[in-house]
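Data block below; observations after.
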Amino acid sequence: MVELLKLVRSSGUAAKVGPGDLQEILKGFNIYTDESTLVSIGDDAGVYEHNGIIWVYTVDIITPVVNDPYLWGAISTANALSDVYAMGGIPVNALAISCFNNCELDIEIFREVIRGALDKLREAKTVLLGGHTIDDKEPKFGLSVAGICPEGKYITQSGAQVGQLLILTKPIGTGILIKGLKEGILKEEDINEAIENMLALNDKARNLMLSLDATACTDVTGFGLLGHAWNICKNSNIGARIFFEKVPYYQLSENLVKKKIYPKGAIENLNFVKNYLKSNLDNWKLILLSDPVTSGGLLFTINKEKLEKIDETAKELEVNYWIIGETIAENVLEVL
């Protein structure tokens, strides 16, 4: 099997441009919008209303996160669909974007990536309408996705209020595990649990979030848990108190980060939030909380009275959840 991870400098969402750099790139632009534009740049996806239908649009493309091309295609697809779910939408159709070195890699590898993507799209009942390919030395695959909000409402990062609970639906640490895989320290069978979680769609988490009348939501991916939590805080003009011992993560990721094995994106993410961070935690814990996750879970806020129904609802929907903290008045990230 070709080691896809050896063909790229960074893997998965760890290859994203850091949040600080992205902020600098977009600074000062006057981006055109019209009266139908409900959400533009700055959230997980764009939202646009047309003929009474609320549409959600996003694009996500990643480098390999595993060496198996089928799994990479499926994980990349789940990752791309996630932003639609985070906005409260349901994906409808998609366009594929693929960068592939067809001079050096067997075409069957490319076909396996597509097969993985098609199977995941079928699971999500999302139609592939076409796509675009580029001959490129570093392989990349992803999707541009369009979805709708059938309930007639959408969720953004800006609705959280003081005194609410922070809910997370998948463990963190995948970026660190992928780094271990890329460095040859781990094998794919060592991270089977993480692979299964990356493959899992966020459709059930979306249904849980809506059932609990979530006030704000994002998906935890390349900017890390702290980076995405800060986006909710910044956009909602509140703060958050996160309890490290309540945050789910893979034990192997702790082992690796203590050995200084983690993607550089974790440090970029931590630097992005350091001016808003209040914490006396060990540095390895903060790095883990800043890990650039691929195909992570949803992070959302709910009123405390919703606790009465969260267990029953999550059980009915067959989705995991963890209460990792609460929102506070001070516009900071307090990590205990």
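Cβ coordinates come from backbone N, Cα and C, glycine included.
As annotated by Swiss-Prot, active site applies to U13.
The site 'Important for catalytic activity' feature in Swiss-Prot is assigned to K16; the stated evidence is sequence analysis.
Under DSSP, G131 (ATP binding site) is assigned to a strand (E or B) in the three-state scheme. The ATP binding site feature in Swiss-Prot is assigned to K16, I41, G42, D43, D60, D83, G131, H132, T133.
Sequence-distant neighbours of D44 (Mg(2+) binding site): residues of the same chain at least 6 apart with a C-beta under 8 Å from its C-beta are T58, D83, A86, M87, Q157, T218, D219. Summarising the annotation, Swiss-Prot assigns Mg(2+) binding site to D44, D83, D219.
In three-state terms derived from DSSP, D83 (Mg(2+) binding site) belongs to a helical segment. Counting only same-chain residues at least 6 apart in sequence, those with a Cβ under 8 Å from the Cβ of D60 (ATP binding site) are S76, N79, A80, S82, D83, G142, L143, V145. Taking the centroid of the Cβ atoms of D44, D83, D219 as the Mg(2+) site, the other same-chain residues with Cβ within 8 Å of it are A45, T58, S82, V84, Y85, A86, M87, T218, T221. In the three-state DSSP classification, G42 (ATP binding site) falls within coil.
The least crowded of the binding-site residues D83, D219, judged by other CB atoms within 10 A of its own CB, is D83.
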